[in-house]
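What TrEMBL says about this protein:
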- D:Arg48, D:Arg54: NADP(+) binding site (BINDING)
- D:Arg131, D:Ala132, D:Ser133, D:Asn243, D:Ala244, D:Gly288, D:Lys303, D:Pro304, D:Thr305, D:Ser306, D:Ser307, D:Arg329: FMN binding site (BINDING)
4 protein chains.
Amino acid sequence: MSHNTFGHLFRVTTFGESHGPAIGCVVDGCPPLIAIEASEIQRELDRRKPGQSRFTTQRREADEVRILSGVFVDEASGQQITTGTPIGLLIENTDQRSKDYGDIKDKYRPGHADFTYDVKYGVRDYRGGGRASARETAMRVAAGAIARKVVPGLLVRGAVVQIGPHAVDRDRWDWDEVGRNPLFCPDAAMVPMLEDYLDGIRKDGSSVGAVVEVVAEGVPPGLGAPIYGKLDADIAAALMSINAVKGVEIGDGFAAATLRGEANADEIRRGNDGQALFLSNHAGGILGGLSTGQAIVARFAVKPTSSILTPRLTVDRQGHETDILTKGRHDPCVGLRAVPVGEAMVACVLADHYLRHRGQIGAVRAWP
Amino acid sequence: MSHNTFGHLFRVTTFGESHGPAIGCVVDGCPPLIAIEASEIQRELDRRKPGQSRFTTQRREADEVRILSGVFVDEASGQQITTGTPIGLLIENTDQRSKDYGDIKDKYRPGHADFTYDVKYGVRDYRGGGRASARETAMRVAAGAIARKVVPGLLVRGAVVQIGPHAVDRDRWDWDEVGRNPLFCPDAAMVPMLEDYLDGIRKDGSSVGAVVEVVAEGVPPGLGAPIYGKLDADIAAALMSINAVKGVEIGDGFAAATLRGEANADEIRRGNDGQALFLSNHAGGILGGLSTGQAIVARFAVKPTSSILTPRLTVDRQGHETDILTKGRHDPCVGLRAVPVGEAMVACVLADHYLRHRGQIGAVRAWP
Amino acid sequence: MSHNTFGHLFRVTTFGESHGPAIGCVVDGCPPLIAIEASEIQRELDRRKPGQSRFTTQRREADEVRILSGVFVDEASGQQITTGTPIGLLIENTDQRSKDYGDIKDKYRPGHADFTYDVKYGVRDYRGGGRASARETAMRVAAGAIARKVVPGLLVRGAVVQIGPHAVDRDRWDWDEVGRNPLFCPDAAMVPMLEDYLDGIRKDGSSVGAVVEVVAEGVPPGLGAPIYGKLDADIAAALMSINAVKGVEIGDGFAAATLRGEANADEIRRGNDGQALFLSNHAGGILGGLSTGQAIVARFAVKPTSSILTPRLTVDRQGHETDILTKGRHDPCVGLRAVPVGEAMVACVLADHYLRHRGQIGAVRAWP
Amino acid sequence: MSHNTFGHLFRVTTFGESHGPAIGCVVDGCPPLIAIEASEIQRELDRRKPGQSRFTTQRREADEVRILSGVFVDEASGQQITTGTPIGLLIENTDQRSKDYGDIKDKYRPGHADFTYDVKYGVRDYRGGGRASARETAMRVAAGAIARKVVPGLLVRGAVVQIGPHAVDRDRWDWDEVGRNPLFCPDAAMVPMLEDYLDGIRKDGSSVGAVVEVVAEGVPPGLGAPIYGKLDADIAAALMSINAVKGVEIGDGFAAATLRGEANADEIRRGNDGQALFLSNHAGGILGGLSTGQAIVARFAVKPTSSILTPRLTVDRQGHETDILTKGRHDPCVGLRAVPVGEAMVACVLADHYLRHRGQIGAVRAWP
């Protein structure tokens, strides 16, 4: 990962600012002969689109993606397939009328990247957060829609497991429920309470953090590239690169620090299929930086946005002390829309490692 | 990060297995004209060396580092300085006599990388964990000793902040205390209790996890490379790449998920030096992937080693079900020796970003 | 360089097929605060645009470039400046109507990439050569227009020095002449003869090769990254990556093989400015992979296109033997339009190394 | 390629100065289960070792290579095989006694990297050329010995095809002859004349350039990564990175510039094996940056060393004008010993692309 590109063999490069003419990305290294339609990418984009419920920002973004390159319609099947050349994706920003950006033009919003971009670059596109806006994550979701198809049999799903202090009950986990409520919550019983809680946050003009869990199933064993391209290290970087994320865990994560070795070891038996069968998954599907073949489990913590109605102390570009409050419609819990983003990042990392593994090893080998 | 190299402009490549002839690394991209003596590297190595107390493995490793290239004695000053060419470092493994490796040759230790290396590569050097051994981290510490000198004024320190369920009292934090006890603990009052606790773990032939905190001071503002080379993303990958690490946090980390936006925003004033003065550091010194100029605060969770005296269920290379217990002297808490390793990784990431920033920006600019 | 990205700190990623919806690129790592207008990029694009004379293909391409991101209008000056974020550039392909692609759909044109793309990917976009079309080089020229502004004082110019067997007379070299004739020829006296020669080639439905020379002046000494990021090695890769290029030389190039050491050594004096003054430039401005501060001189050989009216033996996708001739309007000498492309590649490599050097060294140092 | 590492999946990192304690390299990404003995690496090293004839420098270098990591003795077969972890290789410099380095300590040798290293880094290890010494190429040859085994069926051979103005007669080409004379010359009839010619050069204390050709057979079709990781671009960079190389050609190279399209097109038939059969190889086995399956043919020009007995004008580190002549025993034609180095570089590039191709494509596919 470097600058605005991530991945080694499956490489994603994004560009674009929140209120510029367009955002886009280039997916390079995707294998050929994979069927892909714009509608499949669009479907994932729609999952993170704002304005879908009262719990996300009311901004309207059409977010219609165009595939500009890297695909070709196979005449025999009529299917659109990848060609192995770079796939260019573009979303025009439909609403970029000039307007008054008010305070954010000159004042640094606490908890945002305003100050750091300015101190680094000496200039920043302040409109809607510019490059630092979460709008950039739309392109990650688009790239992830392609990545999901690179690893055969891969299933990557995510859910919100905590909003503010309220954690879901894992015994009531239902993946189907995640798509049925606007909170990406796997615990149906908890949704009404969480909705009430978020309504309160929203009415206060406040915001709150969340924890998101991503689970990847169908991951072949052996993916990863020790020592510095470990699968968990790459997932950690990928998730930490999402806006507002402050922590990443694999498997038991920080809870592992409290365990003894006896409890933490995932014991192994031989399954009916003749393959290794782990009796537990404290490790989150990764040992020594390599996938075990179990589900990969990653969680990340999303801080509350600082775009709130309560004034906060700050300084302006000229160094004068002042304060700022952020008007306009914002997400009371940005963690919600991070679910498809987190899924996409994990899918991209897995696609990359799948290709790297296949390069070094030749074929994903079965356990002896 | 990729394979066995990490960093872009300040690049570290390591090699070597636990019981092979030697371990080594190449530090590439280090600027010229930096004074460095082997003794300075050795001093850091000695901090992570095993056998220093009853709380670390009793293995003896001389760990004497040789500088093989990339330095030259300046005739004027008599000082050894870097030349800008790659710095080769080598530690011969002194104790590699052939011996009986017993169960670990054929059986997969749960919680270790035995199974995954074998399934990936079809072969593994099982002696002492081979490449997956924590012995590799000695070379990270060596590279980190050089990295510390690349960023002028940089101070990177680490401490153990939790052992098993026992967290230190941050109000009693004393950096000087960290070097005075074998637990890298900043809370003197807590040391006796923790020693007793670890003695119990050790006598049980068990192990326990820990949480380590690394704090970097003197970091210029603006370091980082959004969007996919964010400073926090690179630190997350670097720390997650350390053996047994299962979670990484920046600033408030997972606790940020429970906060409201009002509490989480780090308000800004103008300090006496005319620079930005933050009134708090929930962000851990990083906003939008760029350093703010505050202290960078990162924590990571280390799982307990599975090398314990209690038998655990497993299978062997032939797929037969069996069990295994790990004899020999092992660390009751591998998190302790992870402190200098964590420091080294953060120092390397900062050196890399310092050079990248200087390349793109020309010079670290002062805030207007 | 890897896949569709080149450069390390100044990174260019291109995408797009000849007859797809659009071609584009992302320029990542460009420093902030550089003034750049779309018209400056357009001016360079117009230099390589086809249809400008009877010696280039008569295809019409509007090639209107849009800047999609990475720039911002500075309010104080009204100037558009770079912001340090990735610069997205896009050219819509205006003429992509469905049509009969005839033979090239099924038959492999000798000397083209048809066979190799098919054997590698199992699919190819045959329309106009798809990704292998020289149309991709438009984006290199666009990126090069930005690169030229990264290195202060840099001047990169190119010229055709040989067409078929006819080499220019270097004693009559006139840079101003290059822009005045359609052959990019620096030797005015030779232009009429070369035009006659190319008219003959064109009327025969044939094609011919050429040699292009690129000269970069104003290059600070010390750019380059030995051992494997040598300036000449990166220039060689950059030029060899241009369509139809089969050879690259630095300075005396292959002629150096015939020289003795006495003749080849560029002797050094001290110039009036107190800096090193070289008495000759056999080395082409590069020693040990590092720039000397002299002009950098690189040449590359461009093969004749195989798109000719004389039938050539080949096979089709089904493996049947057949023959093919390429109708339609093609370049009699593709080397002509390679001049701005070669300049752009050299400019990009220099921008990249300028940033890398500045990162490692801090500032381009004056000679003691 | 970057700094001191080349390759993406098959990555080679070298370190070490001519007169430092040791030189070494790390070969990372080599697939597991490849049989390799130190003696196989040593055999290649011995081919480039100096002091083998009166036509190479009389310096004595034992050049005994040790494998420090990345291999394991398979118990079943007793064979030493790669494990997939990084392979560390080391050659101790046996003769590093302190001595008088005379003029080269303070004076810049024209045609050498003395000036450029000093101006870049502000310091240089002048002993024997330090990092810029051709001694570094020993590690390339060592890495190449491993690379040769990565691509099944690969055969990479090189020969000197021109010394000074004297080119070999390609009709008398005999690969077996190359190993029988000290000039790596494939034309037995020409050897006596060339030996006389070089004796004259040597007695004059002079030096002369050469051209080396490398031919790789058994290369699967489809290797390469367009657009910027083209096989020929990577080969060009790899060869240009060798000390003293000033030009690189693929196939017909610069001669292609003089050809017409009819002559240059390599026509295709269907061979008896059902695969594509090319009737000529002007392209040197690469079209569109991808291998065709034919032999890959690359040539590179090596300049004469400037280490000669005739004084040349120069300046010293203090900027004073002076002159210098280089005593001591040097190669009259450094191009000779570049043959195994060129072979090694091509082998490394092919190994890298083989793994990259296999990653993206899954398996090298047969032509339909």
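Each residue, glycine too, has its Cβ placed from N, Cα and C.
On the structure: features taken from TrEMBL.
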residue  : record               : contacts (Cβ under 8 Å, 6+ apart)
D:Arg48  : NADP(+) binding site : D:Thr137, D:Ala138, D:Val141, D:Arg337, D:Val339, D:Pro340, D:Val341
D:Arg54  : NADP(+) binding site : D:Pro182, D:Asp199, D:Arg202
D:Arg131 : FMN binding site     : D:Gly16, D:Glu17, D:Ser18, D:Tyr117, D:Asp125
D:Ser133 : FMN binding site     : D:Glu17, D:Ser18, D:Asn243
D:Ala244 : FMN binding site     : D:Ala134, D:Val302, D:Lys303, D:Thr305, D:Val334, D:Gly335, D:Ala338
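Within 10 Å of the C-beta atom of D:Lys303 (FMN binding site) sit 31 other C-beta atoms, taking all shown protein chains into account. In the shown protein chains, 27 other C-beta atoms lie within 10 A of the C-beta of D:Thr305 (FMN binding site). Those binding-site residues from D:Arg54, D:Arg131, D:Ser133, D:Lys303, D:Thr305, D:Ser307 lying by chain C, with Cβ under 8 Å from one of its Cβ atoms, are D:Arg131, D:Lys303, D:Thr305, D:Ser307. Under 8 angstroms separates the C-beta of D:Arg131 from a C-beta of chain B, among the binding-site residues D:Arg48, D:Arg131, D:Ser133, D:Ala244, D:Lys303, D:Thr305. In the three-state DSSP scheme, D:Arg131 (FMN binding site) is classed as helix. There are 25 other CB atoms within 10 A of the CB of D:Ser307 (FMN binding site), with all protein chains counted.
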